[in-house]
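Novice: Take a look at what TrEMBL says about it:
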- B:11-127: domain 'Thiamine pyrophosphate enzyme N-terminal TPP-binding' (DOMAIN)
- B:202-337: domain 'Thiamine pyrophosphate enzyme central' (DOMAIN)
- B:401-548: domain 'Thiamine pyrophosphate enzyme TPP-binding' (DOMAIN)
Amino acid sequence: MNQPASAYFIEDRHDPNETHTLAVLVQNEPGVLARVIGLFSGRGYNIESLTVSETEAQKHLSRITIVTTGTPMVIEQIKHQLDRMIPVYRVVDMTQTKRSIERELAMVKVRGQGEHRVEALRLADAFRARVIDATTESFVFEITGNTDKINQYIDLMRPLGLVEVSRTGVAAIGRGPEGM
Amino acid sequence: MSDKSHDPNQMTGAAMIVRALIDHGVTDIFGYPGGAVLPIYDEIFQQSEVQHILVRHEQGAGHAAEGYARSTGKPGVALVTSGPGATNMVTPLTDALMDSIPLVCISGQVPTHLIGNDAFQECDTVGITRPCTKHNWLVRDVNDLAKVLHEAFYVATSGRPGPVLVDVPKDVQFATGTYHPPRKSDVHRSYAPRVKGDATQIRKAVSLLANAKRPVIYSGGGVINSGPEATKLLRELVEVTGFPITSTLMGLGAYPASGKNWLGMLGMHGTYEANMTMHDCDVMLCVGARFDDRITGRVDAFSPGSKKIHIDIDPSSINKNIRVDVPIIGDCGNILGDILQVFKAEAKKPDIKSWWQQIAQWRARNSLYYKKSNDVILPQHAIQSLFELTRGKDTYITTEVGQHQMWAAQFYGFEEPHRWMTSGGLGTMGYGLPAAIGVQVAHPDSLVIDIAGDASVQMTMQEMSTAVQYELPIKIFILNNQYMGMVRQWQQLLHGNRLSHSYSEALPDFVKLAEAYGGVGLQVHKPADLEGAIKEMIAVKRPVLFDCRVAALENCFPMIPSGKAHNEMLLPEQANDEATAKAFAAGKALV
């Protein structure tokens, strides 16, 4: 049938999805994170990554960094929906400004012996990952970088005895002297 | 240090709540007592400035507060206890959120030290109501209470209005702290709704309007929320430009139904001329409406050839469903004023005579046609009679949800804003009766009528008891067809006429029911008796249940089948079995 299954599905057919990183400055009050997450689940938006921490303790300000995907129209909606929440000060689309740096930290546990162990250390060096814990049969590496770099590193560790990964999610900040 | 016991601003949390209500000019609240709000009820008992209306179910309190708010433009206030009291408020809060109604709900909560303990009548009220309020607060310290209450009133009534909830644990109600009157610093610094429209965008809009060949104004509930000035300016804009105007369900009354440029309501059950004008226009001015799916029909075929101007105070309404060319964010009264000013200074009335001729042809299709009968009352005829017999009176209309609601919107002509209270976005059956109570409390001497269906009205029927207790002479005008008419209509159109659970096998005797509550029951079967019975209903100064027995199988037309475009309307004379089957062939999955 050439009719769409529901009137609600019609608009989403054409535009490809984009991934955007949003920085959201909020009043750090009880429930604020639940509001933001509830907005995403309630309206069916995606969360690829989410980090949150208080950034200015005296002013009770927290910064939430959200990586999300959607069509350009949906991304616009997400920004407006976030912006109209009462405790939200500002929403900045770090992807749209094209002048932002994104970093993520991962801790990667690798278990192995012999040649695998040496190879893991060699790759860690190439990726500027640090050893933050070691036993005779394991390492924990700390690696910082953008998401792609960390994904690549984890893929390389897999055949060398990857045990587990803990990632912080993306934090982002704009280049240059101006604040958000 | 002064002696705190003599400081008039030292008081209990419960006293602060009542004081804050008074400071915000609240004269009437709707509520239901319970363990977690007893200190507040104790304060209410000891004063006379705020009148409390005791409902029979918390949902009734919420809808009554909505009716109060919608008919006055002031915030409605509801007071409920913890647990079930709060969960029963979820429907009215959601309803108010969808329709942008300013509502302040104060709920009791178990004492702070019991929160999280699964205490008696405990629930996570702020968690449950977070997605159905504009904002909500749990107050853990009595010294925060004044600030939160003032902020709550500000948030509810400013920007795009909406419901808020303040959850107050019982120990905070008992505790003594410092109250302060409302002040600017009470509000989040992060909350600053934009009121004034962008001047460049306004110029662009005027230039589009001035050069339009086939324009239309499409107004919504935002115009009414903006206040009387916006209504005045909208009417002036129509006058100055000579443009045709249609409106959403929520916007009825902003432009008078008797006005010469009025096309009738648009959307799923709007008039043929309104929908065709929307479809074929070259410039659309949307004022305070949000392009929802009941308005647009199929979005990729929605008004394909037009430039669209969208005025809305909520930036998230822009480009949500329909991409627009000139968005203007701000208060519609303010922006309409600016548009008028620029238009009058720089443009002249465009010549759209041929457009009006086209519209006249659409109008001639007479899309609201129905066949009257001498044997049985047609529901459309009942509403028309009600309209004729209340015309010129100081009348307020509320509705439930379903066919009767659409017929009311089609056949009752609204001349002024704030006279029409209906559940638009959420579509809450059971809204109309308690809403009528709220309206009557705000306007004790006016004629308040709930146009109801036999199914909807039973959802909140218990509030008849409230009406009787407070001598509120509301008139419940039930179009009784013994069906959930709109459900049945969709089953007939989309589900092979299998009428699954849409027939009311055991309706109460509404006349006896009215009498049991201490109200007045009237019943009419014959068209010849209708007028006399309506007159009798109006004359009675007590709550009335009016059982108007109407043609059971009448359906509501015209109709845009869901997922179809504005120019694919089904008109009443075409609505034979074959045409309907064809029109709805692909629509089974639609809502």
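FYI, residue positions are counted from 1 along the chain as it appears here.
Each Cβ is built from the backbone N, Cα and C atoms, and glycine gets one as well.
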Novice: Treating G and I as helix alongside H, and B as strand alongside E, what does DSSP give for the domain 'Thiamine pyrophosphate enzyme central' (B:202-337) in helix, strand and coil?
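Specialist: Computed counts for the domain 'Thiamine pyrophosphate enzyme central' (B:202-337) are 57 helix, 27 strand, 52 coil.
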Novice: Just give the helix, strand and coil counts over the domain 'Thiamine pyrophosphate enzyme TPP-binding' (B:401-548), going by DSSP.
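Specialist: Here the numbers are 64 helix, 27 strand, 57 coil.
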Novice: In the domain 'Thiamine pyrophosphate enzyme N-terminal TPP-binding' (B:11-127), how many residues does DSSP put in helix, strand and coil?
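Specialist: Residue counts in helix, strand and coil order: 57 helix, 22 strand, 38 coil.
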Novice: Please compute the mean pLDDT of the model over the domain 'Thiamine pyrophosphate enzyme TPP-binding' (B:401-548).
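Specialist: The average pLDDT of the model in the domain 'Thiamine pyrophosphate enzyme TPP-binding' (B:401-548) works out to 97.
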